[in-house]
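Residues or ranges marked as ATP binding site by Swiss-Prot on the basis of similarity to another entry: 182-190, 316-321, ASP425, ARG440.
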Amino acid sequence: MNRPCNIAARLPELARERPDQIAIRCPGRRGAGNGMAAYDVTLDYRQLDARSDAMAAGLAGYGIGRGVRTVVMVRPSPEFFLLMFALFKLGAVPVLVDPGIDRRALKQCLDEAQPEAFIGIPLAHVARLVLRWAPSAARLVTVGRRLGWGGTTLAALERAGAKGGPMLAATDGEDMAAILFTSGSTGVPKGVVYRHRHFVGQIQLLGSAFGMEAGGVDLPTFPPFALFDPALGLTSVIPDMDPTRPAQADPVRLHDAIQRFGVTQLFGSPALMRVLAKHGRPLPTVTRVTSAGAPVPPDVVATIRSLLPADAQFWTPYGATECLPVAVVEGRELERTRAATEAGAGTCVGSVVAPNEVRIIAIDDAPLADWSQARVLAVGEVGEITVAGPTATDSYFNRPQATAAAKIRETLADGSTRVVHRMGDVGYFDAQGRLWFCGRKTQRVETARGPLYTEQVEPVFNTVAGVARTALVGVGAAGAQVPVLCVELLRGQSDSPALQEALRAHAAARTPEAGLQHFLVHPAFPVDIRHNAKIGREKLAVWASAELEKRA
């Protein structure tokens, strides 16, 4: 019998092969004395498989089965991982939304998803009632103590399904597996439709791209990524931190977990990498670091590499919720390309992960229904990055206009068709076949002299003394926009005539073609809620416009 196409299909096999290996280790209670987490809550592979089977049976008996769209609002905990694997085993469709997004946007996301079930902690159910989230959800499950809102509890369902036996739906690769909402860093979040083949493809590509092998110990600081660990046979140590605020993580607590459990690999956003870099403590057990969500600043790459063993690897995969991974680059290559990045070449995101096919097309803000409408650009030409491959998703849920704007239908030579995803990013290929990222398409600045791309301007100015980071925005109508550089300073620094002169001199020497004349110091850039690393340039553009009016 063929194994179903399902991310949970590997779990029963791992439960037989390595039943006593810890699959999930959670912080649990605070340890006595030093205030560190005890990490006394664990699940081994045998327990993860058996308990998720019981939950799946209980959920099925309650009416949450194959194809049922189910909102999941549960903090990183054993219950979160058990629940997610139970839903995958059932062939139900978990709906995941970042809890930190704007409340109105969150309500819109849940309304669009039209969920039939809602599973959450008590606080999530209170918010559901007060803010009228997901009124379509008829089946309610509480993770924890249920109060007066009806439904049942996850614990009760697990008890009810205790004798249900193995549970694994015969899911097909084309079946919907989940709806994962984007972070909404450049607009209202969109629900990305994941099919089972997309998750299975991600597992295969992540394993091959990074050489992940069963038995390793991972510290995933972005909870959804922890779901990949059990499918790869890894032990997942859930860090003692708020996953929605990686920039505020306590490096002492992270190091405590890394040292105590011999963590061999960790995943974190660039904001979390900066936390570890500033802390400056070596990471002797870590052989693989992966950072994604936004380009990692060159100084952070260099510092993290200096804290790792000499043979360790620091990977920065390029991709998006809609398609991941697309390309990967290792820290050594990033250090070699640092000078080019700081000279305005963009950020190297490395080699395309096979079997993805990445092509650069001419920038066009209009939808492209068919690939014949796209014009593929030559090596060195900046255009929109597109990708076709096993993890390229094909639609957004209940967002036909967004789907039309981001997806292109392509007919292949054998008559078959596939969907090409438009990344919404601009970039180019160099002569060595490496992909370079130049910024978001919607964040390009269209001046009278021509377009400017954020990642070809900002790194040039991030090297100026006293500057923490910069953000290029445009003020005015497209085609005649005035470029403005917003500047965030290092702690203890302040705006001054000397700083303004240094920025102007840098612009004249390094980017004369950009025509930059306005440098506005901003107290703290707005960033995305998922990785705390993507700069909210749309908000900064509004602020910059108002500032220029004041100074006119």
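Cβ atoms are placed via backbone N, Cα and C, with glycine included.
Its Cβ taken as reference, THR182 (ATP binding site) is surrounded by 23 other Cβ atoms within 10 Å in the chains shown.
Sequence-distant contacts of GLY319 (ATP binding site), defined by Cβ-Cβ distance under 8 angstroms and a gap of at least six in the same chain, are ALA292, PRO325, VAL326, ALA327, THR391. All protein chains considered, the CB of ASP425 (ATP binding site) has 22 other CB atoms within 10 Å. Annotation note: THR182 (ATP binding site) sits in a coil segment as assigned by DSSP.
Around VAL188 (ATP binding site), the same-chain residues at least 6 positions away in sequence with a Cβ under 8 Å from its Cβ are ALA105, GLN108, CYS109.
Neighbour density for THR316 (ATP binding site): within 10 A of its CB lie 26 other CB atoms from the protein chains shown.
Cβ neighbours within 10 Å of SER185 (ATP binding site), excluding its own Cβ and spanning all shown chains: 22. According to DSSP, GLY319 (ATP binding site) is assigned to a strand segment.
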